Amino acid sequence: MTKRSFALHSTNKLLSHHLRFTVASRTHSTCTSWNTQLRELTKNGNYQECLDLYRQMLRSGASPNAFTFPVALKSCAVLSLPISGTQLHSHVIKTGCNSEPFVQTGLISLYGKCCFIEDARQLFDESPHSQKLTVCYNALVSGYTRNNQFQSGYELFRQMRFLGVRVDAVTILGLIPGCTDPGNLKFAESLHCFVAKSGLDNDFCVGNCLLTMYVRCNSNELARKFFDNIPVKELATWNAMISGYAQNGYATEALELYSKFESSGMEPNPITLVGVLSSCAHLGAQRIGMNIEKKIQTSSYKHNIFLNNALINMYARCGNLVKAQELFDTLTEKNLVSWTAIIGGYGMHGQGETAVHLFNEMIRANIRPDGPVFVSVLSACSHAGLTDLGLGYFNTMKVNHGLNPGPEHYSCVVDLLGRAGRLGDAHNIINTMPMEPDGAVWGALLGACKIHKNVDLAELAFDHVIRLEPKNIGYYVLLSNLYTEVNNMEGILRVRVMMRDRRLRKGPGYSYFEHKGRAHVFIAGDMNHPESEEIYVMLDRLDDLVNVSSRGENGFVHSERLAIAFALLSTEIGEEIVVIKNLRVCGDCHLFIKLVSKVVDRRFVVRDPTRFHHFKDGVCSCKDYW
């Protein structure tokens, strides 16, 4: 007996007193006014009120009909009420409305949305009417996609075409969300061709769905090409492309597109601005983020929790923790994302004690932690060297909060132990993981081995990590740098040969400093800046002061040194300098910035891909572990 049939059997007796008057009370058989009220409630999103009114309708003696059930079933589906839905199904059967197309569609949709997809399919298969109707196919296709059974949904789509059942825009809208894996890109392109040949790509919703499909398949080139060919772009179209760029790490492209969006004269909504703020956080583009904040403060959505959380994250990742904390303190409603943003911010800045204090405060506020916030607090403990405290939090995940640690949590613990020099313990943790270690876990061990110069364990970690992530060039660079530090020329040559054979090249490092609303970008050996001559004179002066040469073996000056020299030329004495770098800071530059921070009495904040380095008085917040 299926869950549906069991529920029907158990509720029939309970419902019989509602339905015994169906035949006897024909004077109440007309229910047009009730149906009108029910439709109005669902139209305005008042789904619970719709079900309450339906019960009132039954008590009044009115008999529901084929126009009543679709709205009531929709309300159950939206509210995810499978028991109430099965009760309604009993009503449908007893009133003889089960063969009505829109009632059938409502039932199939209900079971699909409530995760009873097998029962939805049983309903479909049992009705000869369903197998001829587009609306019923659409409900089941959408149900399969919603329940992560895309292949079954696709087979049903093929059945539609084979039987000659009409495919419409709703069919496509139900199927496309299943094509969101990069491995499905070829199929996604084929589906797009079918849509174009069918003339369905002119539908605005289908067009936006196709755009989102390409974005989620990580094919930004195809997404942008499709976007550019859309003749009339609505707000949702812009949002899909901007958010897609932001989510896939194309922050520069997202901000450039937002600039075009502003030029078009359209007004953004919270979805637009969350994508832009995310890109500002990624790039460290605080000036643009500040302009967005001003726009938010003068808008009707200045209290939007998602926007405020995005602002906190943006300021924290742009190096302005004071502003991030100020925004956090002014929130009237702090949800889990708010706490995660501020805890993660302090963790990135090496202020683990403050991050831990905030995490404990969150627990006292009865906010239930989840996996991501534990990643933030574990990472904060790792960056601050709070080994025992971090291990304690890791152990409480399951015991106190019922959370099973994932690979991302084990990666933090490996990093935590590695920072403390406990490489054997870190390796043991990996060997006892309940799941297969991923690249990040082995990468954390490799990084720790590089810091502590453990070549044998580093080679073991490297063998594992390049099997999992063969094209991640960062791991090759880590091992090569370790070989360099221990003067293992054979090892360096072996890594270079591997990189050459796999056609891997280290991307160019760049750093930038934001000044008066403009980002000044530098690459190693850069001579293109208008003030290059003054910058190199400043570097020579700094070299003399700290007794360290800025020129590397190839004669080039690394990008972060150029950015710092320009910043010193461009800012007032005593002003904090924030530099954003796309790659990890090398050891020589790390030492150089420490020495400069002491002789010029300035605070330098350098952000690399994983953390902030606060340099002051010759000391870095990372305690020389990065």
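Cβ coordinates come from backbone N, Cα and C, glycine included.
TrEMBL labels come from automatic prediction, so no person has curated them.
Sequence annotations record features per position, and here TrEMBL assigns repeat 'PPR' to 30-64 (among others). When the repeat 'PPR' (30-64) is classified with DSSP, helix, strand and coil residues number 26 helix, 0 strand, 9 coil.
Residues 101-102, 104-106, 108-109, 111-113, 115, 117, 120-121, 124, 127, 173-175, 177-179, 184, 198, 200 of the same chain lie 6+ residues outside the repeat 'PPR' (133-167) yet bring a C-beta within less than 8 angstroms of a C-beta in it. What TrEMBL lists as repeat 'PPR' is 133-167 (among others).
Break the repeat 'PPR' (234-268) down by DSSP state and the numbers are 26 helix, 0 strand, 9 coil. For 234-268 (among others), the entry in TrEMBL reads repeat 'PPR'.
The DSSP breakdown of the repeat 'PPR' (335-369) into helical (H, G, I), extended (E, B) and coil residues amounts to 26 helix, 0 strand, 9 coil. Per TrEMBL, repeat 'PPR' is recorded for 335-369 (among others).
Under the heading domain 'DYW', TrEMBL lists 556-626.
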Tertiary contacts of the repeat 'PPR' (234-268) (same chain, 6+ residues out, Cβ under 8 Å): 204, 207-208, 211-212, 214-216, 218, 220, 223-224, 227, 274-276, 278-280, 282-283, 285, 288, 295
Number of helical, extended and coil residues in the domain 'DYW' (556-626), per DSSP: 25 helix, 17 strand, 29 coil
Three-state composition of the repeat 'PPR' (133-167), taking helix and strand from DSSP: 27 helix, 0 strand, 8 coil
Mean of pLDDT values spanning the repeat 'PPR' (133-167): 91
